[in-house]
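S.K.: So that we are looking at the same thing, I have put the structure below in structure tokens.
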């Protein structure tokens with residue numbers, strides 16, 4: 001319009017003052033800065049110091065913060081804090097008007113692209129692969145072959161164990177035990193072996209019971225009697241005083257094992273010390289009847305059976321004994337040569353009532369009581385052989 005007026009003025013004849021005013025106005029219009037682009041956010045400008053907050057306070061719009069979280073809108077209407085201040089990513093209420101935030105310049109009102117992750121793409125292995133029938137058949141064949149092989153291995157192991165058990169030493173041991181039981185059956189009665197050696201030459205006698213058989217070689221007519229027992233008939237009588245344990249029930253067996261046992265026992269007794277021999281034969285219980293203070297002396301024409309044994313060597317001398325026996329034997333001279341057994345057997349003295357001849361037998365030393373003379377097994381060079389008991393009295397029953 002101004003231009004049209006200017007053209008009219010230029011086209012017509014106008015005064016010079018009007019032309020000058022129009023030129024100044026055009027210069028002012030050209031010197032004015034542009035107001036800005038359309039749709040662009042307005043820049044925050046400093047507010048005038050006298051700027052007042054809108055009625056009811058300023059309102060902060062909702063926005064997405066730097067963490068991608070949505071912050072809802074809020075009003076700044078708390079007293080003096082009536083202005084929305086801060087930045088686009090962090091907003092708060094303040095009382096300073098010049099620090100007011102121009103919210104039109106911010107663009108974080110929509111969901112950021114980096115927040116929308118979405119669903120990850122499906123992997124290839126998640127998709128079902130097509131089934132191969134040929135491959136499945138091959139797997140089935142492998143399983144069947146392995147099962148059959150395992151069954152065959154188990155069957156072989158079982159057969160091997162059965163054969164080993166059938167031929168094991170336990171089965172052979174059972175057969176051997178049966179054969180041993182058959183061989184242990186008792187055989188025919190055999191005579192006893194010969195005596196185990198020369199007599200020991202001692203005067204030790206051990207009385208046994210009457211349970212020995214009649215046909216025993218140790219029960220012959222020339223058996224030895226007790227030293228202090230009267231000579232008379234051999235009729236058995238009731239036992240008087242205690243006997244050696246196990247003597248009444250001992251019977252001779254022809255078994256070789258028992259013979260070997262007797263032989264070993266005799267050899268051990270012969271080699272043992274006198275103290276061991278005394279411990280082997282326990283002492284008998286004392287008789288309830290007390291002996292007289294002094295025994296009656298026999299007649300001089302009778303031999304003294306207590307001085308020396310008939311089968312003892314010539315150099316044997318009986319040991320001294322305390323008591324009445326020592327007093328009686330000390331007054332008698334030692335006999336240089338004892339009478340032989342048949343001669344000693346010929347003498348008969350009246351026996352005391354209740355006494356009877358007992359059969360003599362030794363389990364450990366059967367040779368001691370055999371009717372053998374001292375010269376049968378000994379010689380002048382070897383010397384006398386007799387068993388020393390290392391005691392004051394002889395062991396008699």
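Just so you know, glycine gets a Cβ as well, placed from its N, Cα and C.
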S.K.: Quick test of your reading of Swiss-Prot: among 117-136, 137-156, 157-176, where does it put region 'Disordered'?
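M.R.: Feature region 'Disordered' in Swiss-Prot: residues 117-136.
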S.K.: Select from 51-73, 74-96, 258-280, 281-303 the stretch of residues annotated by Swiss-Prot as region 'Disordered'.
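M.R.: Matching range for region 'Disordered': 281-303.
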